[in-house]
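Colleague: Please read through the structure below; I'll follow up with questions.
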Amino acid sequence: MDENEDSSIAATMGFSGFGKKARTFDLEAMFEQTRRTAVERSKKTLEAREKEEQISNKSPVMKDVPSSSRQKNTDTSSSSSGSEDSSDDELIGPPVPSNLTGDHGDELIGPPLPSGYKDSDDEDEEQHEDDDNPVKGIPDSHEITLQHGTKTVSALGLDPSGARLVTGGFDYDVRFWDFAGMDASLQAFRSLQPCECHQIKSLQYSNTGDVILVVAGNSQAKVLDRDGFPVMECVKGDQYIVDMANTKGHTAMLNGGCWHPKIKEEFMTCSNDGTVRTWDVSNEKKHKGVFKPRSMQGKRVIPTCCTYSRDGKFIAAGCQDGSIQIWDRNMSVHTKFHCRQAHTPGTDTSCVTFSYAGNILATRGGDDTLKTWDIRKFKNPLNVASGLANYFPMTDCCFSPDDKLLITGTSVKRGGGDGKLMFFDVGTFQKVYEIQVTEASVVRCLWHPKLNQIMVGTGNGLAKVYYDPNRSQRGAKLCVVKTQRKARQAETLTQDYIITPHALPMFREPRQRSTRKQLEKDRLDPVKSHKPEPPVAGPGRGGRVGTHGGTLSSFIVKNIALDKTDDSNPREAILRHAKDAEKNPYWVAPAYSKTQPNTVFAEVESDEEETDNEPEWKKRKI
């Protein structure tokens with residue numbers, strides 16, 4: 001009975017019985033079996049992939065076979081493979097994904113793909129084609145025009161993120177453009193004149209994008225924040241010191257400037273005083289370092305442009321004698337590399353820039369040439385392009401983000417055609433593309449690597465932005481899609497009142513009065529009758545002085561110091577005693593009564609006789 005009860009209870013509770021020994025497992029054997037299964041499965045997967053690759057290599061014609069025939073072949077192959085696999089152990093786990101089976105002939109399951117959909121293989125093929133032909137990567141399918149002013153746009157600056165553009169020109173204005181905040185009207189959100197009446201020559205954001213370097217025609221560079229408020233201003237040097245290294249700042253007009261690519265507080269400027277100076281934003285009282293370019297004879301030469309290398313180790317300057325001089329940033333005395341005959345002497349080299357790789361240097365000369373140099377072999381240029389007119393001392397040249405193209409602008413005279421933006425292949429230096437910008441010179445150009453957009457400054461006050469909706473990012477794409485904002489007019493609904501104007505006192509016509517009554521009324525009006533002001537009684541008031549003697553104190557003061565002076569004639573006062581002197585002589589007359597009874601007076605002599613009696617040496621010589 002006990003065994004039957006135990007068995008029934010065990011069956012009810014779902015286990016075999018009570019008090020039996022637990023089952024033991026051999027873990028090593030189970031691990032070995034699992035490993036063998038995984039190895040066999042991986043072998044089968046590799047064999048299947050190799051077979052698919054061999055089939056695809058041997059029979060490329062399978063792409064042209066109809067899908068029905070391919071489906072039949074796949075069915076037969078699947079049946080044969082199923083028979084082969086049936087002999088082996090069954091696969092354990094989820095089924096292999098369809099993209100790993102290599103069966104590209106199966107029909108697509110699901111809704112049809114959109115018309116613009118491209119497979120990843122097609123995109124890779126297009127990318128390879130673009131790499132082979134860099135012209136296809138130029139974003140020039142669309143453009144927007146920003147109206148800076150009417151004079152030349154001589155400076156362009158774009159922050160590293162590509163959110164804000166800043167432009168400067170010969171009209172002394174600096175304008176700020178925010179792509180995210182602009183609408184289709186394309187209006188600048190701020191305009192200012194940071195350097196008063198000096199032309200703006202260079203604008204550049206720092207590598208962090210929080211401050212802007214402003215270089216104008218004066219001798220003091222300025223640093224502004226993102227909103228245009230001043231942060232610092234460089235000190236001016238002493239122009240009476242001969243050695244420019246002993247002055248604290250520039251003493252002549254600035255020509256250019258740029259930020260250090262690695263150190264966010266350091267920037268550089270070059271000037272007509274013959275120096276290239278480095279500065280620190282935190283110290284505006286003195287420069288950080290000074291570099292003095294020299295001519296072949298050791299004389300002072302003016303640097304017209306300057307730049308840092310991409311790693312910030314070298315400083316390059318284009319000089320007015322046609323030379324290009326490169327210094328090590330830590331050694332300011334002697335040049336690291338130099339080329340004396342880079343451009344024609346006496347011309348202004350307008351731009352010096354390094355490639356993104358850092359080993360190629362491009363220069364835009366005032367002799368209408370564009371040259372590339374290898375700084376490791378700095379004797380001769382790699383390539384030269386001539387016939388590129390340059391009328392401005394700040395005409396730009398820059399590399400494309402992939403270092404395959406070099407772009408620059410050309411200058412034209414008024415009415416002489418369109419200014420062009422030229423694209424040159426860096427390897428062959430052949431002109432591969434050009435853009436006709438406008439009927440004015442192309443001065444500034446900038447190709448932003450993140451936005452993949454090209455900014456151009458022209459000689460007629462325009463700043464153009466070229467972009468491609470498919471290849472470009474943000475930037476001009478953000479503002480062209482926004483509709484122009486309408487001016488909001490303040491409208492208020494108020495209750496309408498009808499007012500008769502002649503009911504008001506000011507519009508009411510006066511009644512006709514007689515002439516006598518009108519004259520009497522005017523007589524009572526002190527203004528119309530011109531009544532004089534009455535004398536002031538007592539102390540003065542209202543700016544008028546009161547009469548003297550009005551009070552006891554004023555009467556006493558007036559009589560304290562009386563004027564006792566005799567205002568009579570002195571001759572009459574003397575002659576008053578003449579009769580008494582004749583009758584009763586007392587002082588002088590008794591002395592002459594015996595010796596000279598008759599009075600003898602002096603003879604009156606004329607002026608002419610006096611001049612005649614003068615000696616010769618006293619006479620005036622006429």
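The backbone N, Cα and C atoms fix where each Cβ goes, and this holds for glycine too.
Below, the features straight out of Swiss-Prot:
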COMPBIAS  37-55  compositional bias 'Basic and acidic residues'
COMPBIAS  67-84  compositional bias 'Low complexity'
COMPBIAS  120-132  compositional bias 'Acidic residues'
COMPBIAS  508-533  compositional bias 'Basic and acidic residues'
COMPBIAS  539-549  compositional bias 'Gly residues'
COMPBIAS  604-614  compositional bias 'Acidic residues'
REPEAT    148-187  repeat 'WD 1'
REPEAT    195-236  repeat 'WD 2'
REPEAT    249-289  repeat 'WD 3'
REPEAT    298-337  repeat 'WD 4'
REPEAT    344-383  repeat 'WD 5'
REPEAT    389-434  repeat 'WD 6'
REPEAT    437-476  repeat 'WD 7'
Colleague: I need to check the long-range neighbours of the repeat 'WD 2' (195-236): which residues 6 or more away from its ends have a CB within less than 8 Å of a CB in the stretch?
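Modeller: The answer is 154-161, 164, 166-170, 172-174, 176, 248-262, 264, 267, 269, 271, 273, 279, 281, 284-287, 394.
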Colleague: Could you pull the average pLDDT for the repeat 'WD 1' (148-187)?
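Modeller: That stretch averages a pLDDT of 92.
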Colleague: Work out, from DSSP, the number of helix, strand and coil residues along the repeat 'WD 3' (249-289).
Modeller: 0 helix, 19 strand, 22 coil
Colleague: With DSSP as the yardstick, break the repeat 'WD 6' (389-434) down into helix, strand and coil residue counts.
Modeller: 0 helix, 19 strand, 27 coil
Colleague: For the repeat 'WD 5' (344-383) and the repeat 'WD 6' (389-434), decide whether they are in contact, meaning at least 3 CB pairs lie under 8 A, counting pairs 6 or more apart in sequence.
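Modeller: Answer yes: the repeat 'WD 5' (344-383) meets the repeat 'WD 6' (389-434) with 3 or more Cβ pairs below 8 Å.
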Colleague: By DSSP, what is the split of the compositional bias 'Basic and acidic residues' (508-533) into helix, strand and coil residues?
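Modeller: Each residue of the compositional bias 'Basic and acidic residues' (508-533) counted once, the result is 10 helix, 0 strand, 16 coil.
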Colleague: Could you break down the residues of the repeat 'WD 7' (437-476) into DSSP helix, strand and coil, giving a count for each?
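Modeller: Once the DSSP states are binned, the repeat 'WD 7' (437-476) shows 1 helix, 21 strand, 18 coil.
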